Amino acid sequence: MSYGRPPPDVEGMTSLKVDNLTYRTSPDTLRRVFEKYGRVGDVYIPRDRYTKESRGFAFVRFHDKRDAEDAMDAMDGAVLDGRELRVQMARYGRPPDSHHSRRGPPPRRYGGGGYGRRSRSPRRRRRSRSRSRSRSRSRSRSRYSRSKSRSRTRSRSRSTSKSRSARRSKSKSSSVSRSRSRSRSRSRSRSPPPASKRESKSRSRSKSPPKSPEEEGAVSS
């Protein structure tokens, strides 16, 4: 079957999906292998749009469902071109031709089981959600740590300001007490002597020295 040929009428057929194919496996090779179990209506190998190489899986259509089941039981785990095949029932119908799919809406993926973009999108969404949650958690943690550091710096600045004010108040009180003691000492030094000392000085001044005999004779004459 050549690439780009429009698909045949596959209504009423049973499709098998064959995984783990090599890039050199051709539709004719698959047809010869699967025709041993019944009449094969169609063999389709999806290829890359740009490189035209096989994507590693194929779909084999049988006219009879029982032949498809026999082929699945026999070929699942068989080795073809050095690869162990995985054969299962296909879930979806065959997609339309690529020429028509460009104009219309995107078709369903031919076959099932983890090869389409739809099967990968939930995983990507889960990953993006987990990444967004981890980012939000890291942001909240960073904000919490920032607020903690800010509160610590504020408390430290407050404690340092309190200690500085306490030191200043202590220095002021010590300077005031020193000035008071100095003023008291000066006032004590400048204060007059006591009354007893004054009386003794006045008595000593009032007492005159004793007169000589010459002075006494002059007075008597």
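In case you wondered, yes, glycine gets a Cβ from its N, Cα and C as well.
Quantities reported herein were computed from a predicted structural model and do not represent experimental measurements.
Look at Swiss-Prot and you will find Ser2, Ser26, Ser189, Ser191, Ser204, Ser206, Ser212, Ser220 (among others) tagged as phosphoserine, backed by similarity to another entry. As annotated by Swiss-Prot, N-acetylserine applies to Ser2. Look at Swiss-Prot and you will find 14-92 tagged as domain 'RRM', backed by sequence analysis. As annotated by Swiss-Prot, phosphothreonine applies to Thr22, Thr25. Annotated N6-acetyllysine per Swiss-Prot: Lys52, in sequence order. Taken from Swiss-Prot, the feature region 'Disordered' covers 92-221. Among the features that Swiss-Prot reports, compositional bias 'Basic residues' is placed at 117-171, 179-189.
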Check your understanding: Taking just the CA atoms, what is the gap between Thr25 (phosphothreonine) and Lys52 (N6-acetyllysine) in Å?
Key -> 13
Practice item. Could you state the whole-number distance in Å separating the C-alpha atoms of Lys52 (N6-acetyllysine) and Thr22 (phosphothreonine)? Key: 14
Study note, to complete from the structure: Secondary structure of the domain 'RRM' (14-92) by DSSP, residue by residue, totals 19 helix, 27 strand, 33 coil
**Study point:** Average pLDDT across the domain 'RRM' (14-92), rounded to a whole number
**Key:** 94
Check your understanding: Which site among Thr22, Thr25, Ser26 has the most other CB atoms no more than 10 Å from its CB, taking these as modified residues?
Key -> Thr25
